[in-house]
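First the structure, in the form of structure tokens, and then the observations on it.
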Amino acid sequence: MEDEIRAFCQTAADCFIRLGDCAPAIAEAAGVVTASLRAGGKVMFCGNGGSAADAQHLAAELEGRYLKERAPLPGMALTTNTSTLTAVGNDYGFDHIFSRQVSAHGRPGDVLVALSTSGNSANVLKAIEAAREKGVSVIGLTGAGGGKMAEVCDLCIRVPSTQTPQIQQMHIAVGHLLCGLVEDALCS
């Protein structure tokens, strides 16, 4: 059992070392988010399962604080309103639970951060489509392959793993990096 624990930790450590290769894309994403917030835009987040939890976590880091005492920043998780999710899911289908919200709330200059370990989640892809129609910039967080999202995002950060647990660990790390870089830019 201890060997399994050590192997898990070593795999995670190796993934995080390789995540450094994503530094240019992460820095670019932080610039996009910072510019949007400076111009009065907002950041919307979406994803399924563990990615939904990450979406909520990262929106909370913006609305509350990450590391610095500052004014709240407009972050919005599209995963939280159960009435909207179930009404849209029932009336239009699960594939539209995020896209309807992007269509309702998205404005030119806003940012959608779309999370999918595979890059192929149908409802996330529909949200990206809606974002593009509204003039919303799209930052994708996926696994190494990128899936269909790699082709449709303005910027796709493909973390260096094909295993869901490691992808999710790195997604939250990327999110924390984004929050920290944005705070540094806006609070300096």
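Placement of Cβ uses the backbone N, Cα and C atoms for every residue, glycine included.
According to Swiss-Prot, the substrate binding site annotation covers ASN48, GLY49, GLY50, GLU61, ASN90, ASP91, SER116, THR117, SER118, SER121, GLN168, on the basis of sequence analysis. Long-range Cβ proximity for SER116 (substrate binding site), meaning a same-chain Cβ under 8 A and a gap of 6 or more residues, is found for GLY47, ASN48, SER51, VAL124, GLY140, LEU141, THR142, GLY147, MET149.
Residues or ranges marked as Zn(2+) binding site by Swiss-Prot on the basis of sequence analysis: HIS57, GLU61, GLN168, HIS176. For HIS57 (Zn(2+) binding site), other Cβ atoms within 10 Å of its Cβ number 16. In the three-state DSSP scheme, HIS57 (Zn(2+) binding site) is classed as helix.
The annotation domain 'SIS' is assigned in Swiss-Prot to 33-188.
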Nearest of the binding-site residues (ASN90, SER118, GLN168) to GLU61 (Zn(2+) binding site), judged by Cα-Cα distance: GLN168
Least buried by Cβ count (within 10 Å) of the binding-site residues SER118, GLN168: SER118
